[in-house]
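Under the heading heme b b562 binding site, Swiss-Prot lists His83, His182, citing similarity to another entry as support. Per Swiss-Prot, heme b b566 binding site is recorded for His97, His196, and the stated evidence type is similarity to another entry. Residues or ranges marked as ubiquinone binding site in Swiss-Prot: His201. Taken from Swiss-Prot, the feature transmembrane segment applies to 33-53, 77-98, 113-133, 178-198, 226-246, 288-308, 320-340, 347-367, supported by similarity to another entry.
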Amino acid sequence: MKILRKNHPLLKIINHSFIDLPTPSNISSWWNFGSLLGVCLMIQILTGLFLAMHYTSDTTTAFSSVAHICRDVNYGWLIRYLHANGASMFFICLFIHVGRGIYYGSYVLSETWNIGIILFLTTMATAFVGYVLPWGQMSFWGATVITNLLSAIPYIGNTLVEWIWGGFSVDKATLTRFFAFHFILPFIITAFALVHLLFLHETGSNNPSGLNSDSDKIPFHPYYTIKDLLGIFLLLLALMILALFFPDVLGDPDNFTPANPLNTPAHIKPEWYFLFAYAILRSIPNKLGGVLALILSILILAAFPLLNTSKQHGLIFRPVTQAIYWTFIANLLVLTWIGGQPVEYPFTTIGQXASITYFTIIIILMPVSNIIENNIIKL
């Protein structure tokens with residue numbers, strides 16, 4: 001068996017990726033989230049496949065088909081809630097994974113980092129089109145508001161919006177194509193995830209100390225397979241608690257009402273994992289400016305390798321940048337809270353301040369703290 005896994009063309013790839021992979025001996029549980037994202041993706045594809053067998057992407061029957069899945073299909077309610085809450089677990093793991101990458105300086109592996117940003121954007125697109133499919137009130141109005149933002153693009157904006165809608169409003173054509181996108185995108189994510197892994201294994205993993213660990217590597221199996229299995233069991237436990245005890249806690253009550261183009265909900269808002277970006281969008285009074293800020297809130301992650309001037313890898317021995325980093329995390333939580341609040345004083349003012357802080361920390365404070373710490377080292 002040992003000879004086979006080392007020589008067989010297919011098994012050799014698996015062996016070099018998950019069994020004999022040289023791994024730093026000191027990576028902590030923060031490195032578990034990559035494998036947890038892989039598990040989340042598999043759960044989403046499997047549950048999504050079973051949901052797609054019973055779902056109909058037609059405006060007259062979409063809402064009823066989701067109700068039918070929950071009421072009449074064997075364990076349909078469980079599959080539906082695992083899929084809906086699985087998306088939330090996916091984004092929790094994704095945010096922690098990106099946060100760990102920033103904290104420990106993983107962005108210096110630029111190819112892996114940039115493919116990670118593409119994965120992040122693709123996952124957000126998948127979640128957005130998926131949220132439209134149940135065809136509830138918030139699904140319909142969320143789709144209308146977010147797709148309508150494209151009309152801010154000069155010259156081609158209105159044409160682009162109508163092209164995406166497949167008509168002059170969000171209707172049957174929109175739902176059908178969103179279902180098609182939602183079905184195909186997870187497989188594109190899987191392909192990108194493999195490329196992400198390929199580039200990671202070209203350079204090897206980073207580690208908490210930020211030091212070169214070539215002299216102290218251990219095989220991935222059994223040490224980290226066991227560690228990953230523990231993480232997977234904890235993830236599944238959290239997902240089952242969420243899906244069985246609090247299935248609707250992260251959803252929106254408006255989505256229990258079928259979509260009605262003649263009745264606008266009091267507060268249109270996306271799912272919780274988009275609220276930070278939505279708050280940044282809303283904090284700018286100009287439509288085009290808001291859209292640009294929304295896009296930049298994610299794409300600014302690509303600036304981390306460019307803005308990094310530190311002589312040290314990661315933040316483990318850098319107290320000044322650590323303080324700024326945790327301020328950044330707190331600011332993100334404030335943005336998430338503001339995104340779910342109505343557009344009125346004082347929430348708009350808090351949102352504007354938090355949005356300015358978000359970009360200031362990344363573009364100004366972190367690079368300045370790098371320079372300060374580099375000078376402290378020389379003392």
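Any Cβ shown, glycine's included, is placed from N, Cα and C.
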Taking only the Cα atoms, work out how far His182 (heme b b562 binding site) lies from the residue listed as 'ubiquinone binding site', in Å, as a whole number.
29
Please check if the transmembrane segment (288-308) comes into contact with the transmembrane segment (33-53), where contact means 3 or more CB pairs closer than 8 Å and the residues in each pair are separated by 6 or more positions.
no
Cβ contacts under 8 Å made by the transmembrane segment (33-53) with residues that lie 6+ beyond its boundaries:
69, 79-80, 82-83, 86-87, 89-90, 93-94, 96-97, 100, 182-183, 186-187, 189-190, 193, 228, 231-232, 235-236, 239
About how far apart, in whole Å, are the alpha carbons (Cα) of His97 (heme b b566 binding site) and the residue listed as 'ubiquinone binding site'?
17
Give the one range among 77-98, 113-133, 347-367 whose Cβ atoms make the most pairs under 8 Å with those of the transmembrane segment (226-246).
77-98
Excluding the flanking five residues on each side, which residues at least 6 beyond the ends of the transmembrane segment (347-367) place their CB within less than 8 Å of a CB in that stretch?
279-280, 282-284, 293, 296-297, 300, 303-304, 307-309, 321, 324-325, 327-328, 331-332, 334-335, 338-339, 341
What whole-number Å value do you get for the CA-CA distance of the residue listed as 'ubiquinone binding site' and His83 (heme b b562 binding site)?
30
Cα separation, His196 (heme b b566 binding site) to His83 (heme b b562 binding site) (Å, whole number):
24
Inside 10 Å of the Cβ of His201 (ubiquinone binding site), count up the other Cβ atoms and send me the figure.
14
